[in-house]
There are 2 protein chains.
Amino acid sequence: MAMKRLTRQRKAVLEVVQRARNHPDAAWIYQEVRKLVPTISLGTVYRTLDALVEEGYLVPISRGGEATRYDANRKPHYHLICTSCGEIVDLEVELPELVGAARAAYPEHEIRAAHVEFEGVCAACRDRLAS
Amino acid sequence: MAMKRLTRQRKAVLEVVQRARNHPDAAWIYQEVRKLVPTISLGTVYRTLDALVEEGYLVPISRGGEATRYDANRKPHYHLICTSCGEIVDLEVELPELVGAARAAYPEHEIRAAHVEFEGVCAACRDRLAS
DNA sequence: GTGGTTGCAAAGGCTTTGCAGGCAC
DNA sequence: GTGCCTGCAAAGCCTTTGCAACCAC
């Protein structure tokens with residue numbers, strides 16, 4: 001059922017994903033993992049990523065239409081998606097509690113979590129566009 | 001360039017979308033619109049929806065892997081996605097301002113908006129599961 | 001009449017899956 | 001030895017697109 005065996009493939013995917021700083025998608029991970037295990041298939045990468053998400057090691061970031069990207073950052077943080085270059089920037093900021101407000105207004109629902117995402121222009125693009 | 005002509009197809013899509021209470025996806029809209037314009041194609045539905053999104057009449061809600069759903073609700077509101085049935089429930093609640101907090105922590109980025117989404121069990125499923 | 005719009009069908013991109021062989025345990 | 005995992009390739013799903021005919025203006 002649950003993926004439990006520590007195979008070469010899974011080790012390699014874990015290593016790549018933990019080292020990644022880019023919120024990579026499956027294709028990028030596949031490409032990198034092939035440097036460690038050249039015979040791995042894209043299907044296995046997807047299966048492994050699914051397992052890692054299920055186990056909570058990864059958080060999927062899915063933007064409409066585009067490939068799902070994966071985030072292995074342990075620290076609690078939020079994402080800023082740049083409208084200019086599409087990059088995902090981590091924001092480590094403490095935000096006001098939202099779940100409480102929603103629960104107070106809608107006690108009939110069992111609200112468990114809130115997901116927040118910011119949209120704007122990242123510093124790099126801001127500088128680039130200012131020229 | 002921009003879709004401007006008021007064709008039978010576009011009228012029908014508009015009518016269906018405005019009447020919809022379900023955050024429908026393109027397939028559901030297509031099915032409904034065919035009751036009004038039986039010869040319409042799915043491609044036209046997609047093209048029309050894209051145009052309506054661009055013009056600001058609709059807000060796309062894209063969940064990873066699943067079909068994009070469209071929201072025509074004018075009032076400002078948030079969404080609760082039920083982890084049990086997948087339904088999207090509107091929450092009309094005022095939340096604390098988030099953009100300001102993020103801007104204060106990261107003045108180098110040009111943060112423009114925040115998107116919030118809740119996750120939990122909707123009232124219907126809660127009742128159903130309690131039995 | 002003109003050019004945006006449509007229908008059709010094919011293609012596209014990402015992701016999942018069936019199956020036989022292989023490997024971790 | 002057992003059954004989970006892998007590679008391969010095909011299929012699935014949602015969405016986009018090229019093209020000729022069409023119709024709103």
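The backbone N, Cα and C atoms fix where each Cβ goes, glycine too.
As recorded in TrEMBL:
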type	residues	note
BINDING	B:C82, B:C85, B:C122, B:C125	Zn(2+) binding site
BINDING	B:E97	Fe cation binding site
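Everything TrEMBL records as a feature, shown here on the structure.
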residue: B:C82; record: Zn(2+) binding site; Cβ neighbours (10 Å): 20
residue: B:C85; record: Zn(2+) binding site; Cβ neighbours (10 Å): 13
residue: B:E97; record: Fe cation binding site; Cβ neighbours (10 Å): 11
residue: B:C122; record: Zn(2+) binding site; Cβ neighbours (10 Å): 23
residue: B:C125; record: Zn(2+) binding site; Cβ neighbours (10 Å): 18
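The secondary structure of B:C125 (Zn(2+) binding site), as reduced to three states from DSSP, is helical. Shown in sequence order, B:T83, B:S84, B:G86, B:E87, B:V89, B:V121, B:A123, B:A124, B:R126 are the same-chain residues outside B:C82, B:C85, B:C122, B:C125 whose Cβ sits within 8 Å of the Cβ centre of the Zn(2+) site. Between the alpha carbons (Cα) of B:C125 (Zn(2+) binding site) and B:E97 (Fe cation binding site) lies a span of roughly 30 Å. Taking only the Cα positions, the spacing between B:C82 (Zn(2+) binding site) and B:E97 (Fe cation binding site) is 24 angstrom.
In this structure, the C-alpha atom of B:C122 (Zn(2+) binding site) lies 25 angstrom from that of B:E97 (Fe cation binding site).
DSSP assigns the residue listed as 'Fe cation binding site' to coil in the three-state reduction, placing it in neither a helix nor a strand. Of the recorded residues, B:C85 (Zn(2+) binding site) and B:E97 (Fe cation binding site) place their C-alpha atoms 30 Å from one another.
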